[in-house]
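Annotated in TrEMBL:
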- 1-73: domain 'Phosphagen kinase N-terminal' (DOMAIN)
- 100-210: domain 'Phosphagen kinase C-terminal' (DOMAIN)
- SER103, SER104, ARG105, VAL106, ARG107, HIS166: ATP binding site (BINDING)
Amino acid sequence: HNNHMAKVLTKELYGKLRDKQTPSGYTLDDVIQTGVDNPGHPFIMTVGCVAGDEESYEVFKDLLDPVISDRHGGYKPTDKHKTDLNFENLKGGDDLDPNYVLSSRVRTGRSIKGYTLPPHNSRGERRAIEKLSIEALTSLEGEFKGKYYPLKSMTDAEQEQLINDHFLFDKPVSPLLTCAGMARDWPDGRGIWHNDDKTFLVWVNEEDHL
């Protein structure tokens, strides 16, 4: 198996962690299932495991900490991600040739505290996340004012427009994702929100909560 999980997980480590679970019931077998089911490719190193909730990172840290470090070039458990939300500090991009560069985007993923992560979400949790997200997004005003389009009930015209705008995301078909439970209950609880100017887009319950 060519993945980071397989590099770290030994028989001894499996024995140490196999009977543990998080408060929401996520187990070691849940964590590693996608890496077990997908041997990988000799030239493509995949991660091979997923976290089911926030507590997974503590309960299974003996596995996940080395995987994260290996995947992210030595990122240690004591390291802190630097966050700067001041857009005025963004540098570069003004020298791009408009004859070749038509658009660019900044993408980030966020998870909502208090809910399990997408590989472990129940249908009820996913719907609660969708409801909470809609409430927050519809409160936006000005340039961020927009509309939510649920995948489950959008019209054919809305679907065609979102495809033409390159906004629509598809049901996961990669074995790496389906073996991790990412396609459960599809398309229930999933949707897309964008502002009226189509310059601000939020995917709800795709590979992250937001």
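Every residue gets a Cβ built from N, Cα and C, even glycine.
All annotation found in TrEMBL is predicted automatically rather than curated by experts.
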Greatest inter-residue Cα distance in Å for the ATP-binding set SER103, SER104, ARG105, VAL106, ARG107, HIS166: 15
Around the Cβ of ARG105 (ATP binding site), the count of other Cβ atoms that are within 10 Å: 6
Proximal but sequence-remote residues of the same chain as HIS166 (ATP binding site) (Cβ under 8 Å, at least 6 apart): none
List of residues, in chain order, with Cβ under 8 A from that of VAL106 (ATP binding site) and at least 6 apart: none
